[in-house]
Structures are given as C-alpha cells and as structure tokens.
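Read through the structure below, which is laid out as structure tokens, and then see the notes.
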Amino acid sequence: MFVDHVKIYVKGGDGGDGMVAFRREKYVPNGGPAGGDGGHGGNVVFEVEEGLRTLMDFRYKRHFKAPRGEHGMSKGMHGKNAEDLIVKVPPGTVVMNEETNAVIADLVEHGQRAVIAKAGRGGRGNSRFATPANPAPELSEKGEPGQELNVILELKVLADVGLVGFPSVGKSTLLSVVSAAKPKIGAYHFTTIVPNLGMIETDDHRSFAMADLPGLIEGAHEGVGLGHQFLRHIERTRVIVHVIDMSGMEGRDPYEDYLTINEELKQYNLRLTERPQIIVANKMDMPDAEENLTAFRQKVGEDVQIFPISAVSRQGLKELLFAIADLLEVTPEFPLYDEVEEQSDATVMYKHEAKGEDFEITRDDDGTFIISGYAIERLFKMTDFSREDGIRRFARQLRAMGVDEALRERGAQDGDTVRLQEFEFEFVD
C-alpha cells in the first residue's frame, strides 16, 4: 500500500506525588497523618478525524507528552487527575512500536480512539500507610512515571486525486512540478513502482492530495503489470485525472490508450467509472501533438473537456489545477464497500505488550550485580529515598519479591555491590 510514514515520541503523564503531612489543628494534639494522594497523569490518546488526509502535521511536531497529575496536599486532599492528551490522526493510520514493530493500533473509523501511552498512577500519601505499629508514618510514594515510547505512524493514504494512464505518459513529471513530491522519473516503463503522494495548493489557496500511481496496462484488472494493489488504490480517490501522451512517440494511438485505460477501470470495479474524470493531454510541446489532439477530439466528441498541457514546460497547469479543485468541491466521498470484507470483525483499538518478569539479575564485567525488570523499576521510581521510612519500605519489598534470595543463589556475598538503575547498595547476607 501507498503510505505516509513518520516517527514520533509519546509519553503518558506522570502521576502526582503523594504527600507527607499531619493534622495540626487547634485543640487536636498529636494529630494523625493527613497527606493526600497524587492525581493520575493523562493518557496519550489517538483519535481518528475524518477531515484529515495526511500525516503532514507530524512532520513539524514530533513530541507528544500528556500532563502529569497534581501532587497530593495536606488535610487529606488528593491531587487532581490530569486530562488525557488527544492527538488527531487521519483514518487509515497504523501505529507501531518502533522497538518491536508490534502494531499498537489500527485506526480506521471516524471517532475511533486508542490509548498509545498509558498514564502513571498517583503516588499514595502518608495517610495510606498508617498501621497500629506505625500510626504516624513519614512515608509516601512518588507518582508513577507515564509510559514512554517511540512509535511509527504509517498512513494508507486516502488521496483526493489519482493520476492514471499508461506508463511513461508523464504522470510523475506532472506531480513533481505541481507539488513538492519527488517521484522517480525515467525514460522507461514502470519507473514508478510505488505510489507517490503530493500536496497541491492552488493560487487561491485551495489544497488537495494527489497520487501518482504506477502505470496501468491492458489486463491490469486481472493483476497484469503492477495489478490489483494500485487499482484498489484508485478506488480510494474522489477524482481521476486521466493523463494521455499526445505526442504519439511511444507508437501508440492516444485514443486507443484512452479506451484501454477506461476499460480496465470498468472491468476492475464498476464504481470506478462513477468517479468524475478529467482528461489531460500531456506533452503538447512535442511535434505532432496538436495534430493528434485534433484527431482525439473528433473521436471523443466536442462536448468532452480536455486540458492540453506540457508538464515539462508547465503550459496549462494553472487551469488544470483550478478545474480539479472546482470538481473536488462538488464531489462527495465514495464509500469503500469492498474494504469491509478485508477488515477483521473487531478493529484493533489498543494492545499493551507483556510487561515481563518482576525482576531479572545479571552481572556486570566488574562483578556488580544488576537488577532490572518492570515491577522492580516501577517500585524504585515511586520510592522517596529522601525519607528513612521510604528506604526501609523499599528494602522490605525487595525481600518480599524474592530479590535477596535470588542474589544469594547467584553467588552474592556480604559487601558485593548491587545496582538498580542509578542506585547502588551493598549486599548484606
């Protein structure tokens, strides 16, 4: 498929920190813990907006970070949860994890949403840790960091205008001079082997997406040449621009080319013939082109509008682009009935990858034991090491998870260095 492609960074909002606080009211001596919880961060959510056509906006903004939750407050007041960050994407956007190439979401329908980066939960305040043995704990949690990752967005482009015609009639040249697209251009058939997309803006500031599709040949509806894939792509377009080589230099008759291409469109799917079609007579700067155009007009009829142009010399391009923009304004979207069968019964909305083991122990070249893993790193990030109670709780949780025992099994002895992210401590058996 013909895709737009961009890499971006997304990060869910961090949770707010829990607070250590105590009641200090008049006539209430020795007040208990009163620290509130932090609020949850915001998710990064992608939402399909049917009015969008390309990923061009992501070329200029590549970082999306949801807001963090509010910190907990005294008097048991919890921090406010953050709002989700909603990012609009065009229909047909596929979101993939850059590191694993796993598909996170396939977004196809207007209004469809998918959580791309999960928010962190808020840390608990000290009122959550009160026990009969420790009724006034100086202990709270930091907010959980939000999920962060680099993702790749690929768009199955829904072009407004599709350029069709035999190979080497000048479709790629036309696209290259009316847009910033840089398709491969060569004096041989099938130079274009993948579709190219160009964004066009007319002098009166109307814009549309134009696709240069690989050349069609007789039998394309049966898969001959570059076949079904690109005929299917024409089906996504609203207007077809039929480019014909009027120079006759390929040894073909322009009128026969015109009939052959239209027959292929008809044979592939009758609905393709419902698309408005603009006929473009290209290479009018070549010898014999005027004579061939006169003969062509006589065969198709004087009531059929033809736009004579030269993509190389840019003759007639302004009038052509205005005509295309005018036609798009009055042409509705065409439903893609055939694609319903290709989609799965349940559209992919959201998929998290497995979080893996709680912890893993490896050994560095210098003999240091390295602890890693989703659960233990999450615990580390949410621990407030500036407070003695926080350090003690962290040590208790390591023992409860079996980290001490696992270190002994790996040969750890008194005084050995153990590292967890940027934190180093000595192992005590």
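One-based numbering along the chain as shown.
Placed from the backbone N, Cα and C atoms, the Cβ positions cover glycine too.
The model shown is predicted, which means the values in this text are computed figures rather than measured ones.
Under the heading GTP binding site, Swiss-Prot lists 165-172, 190-194, 212-215, 282-285, 310-312. If you look up Swiss-Prot, you'll see Ser172, Thr192 marked as Mg(2+) binding site. According to Swiss-Prot, the domain 'Obg' annotation covers 1-158. The annotation domain 'OBG-type G' is assigned in Swiss-Prot to 159-329. The domain 'OCT' annotation in Swiss-Prot covers 351-429. Look at Swiss-Prot and you will find 119-143 tagged as region 'Disordered'.
Location within the structure of each feature annotated in Swiss-Prot.
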residue : record              : Cβ within 10 Å
Gly165  : GTP binding site    : 24
Ser168  : GTP binding site    : 20
Lys171  : GTP binding site    : 30
Ser172  : Mg(2+) binding site : 25
Lys283  : GTP binding site    : 25
Ser310  : GTP binding site    : 22
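Summarised as a single figure, the pLDDT of the domain 'OBG-type G' (159-329) averages 78.
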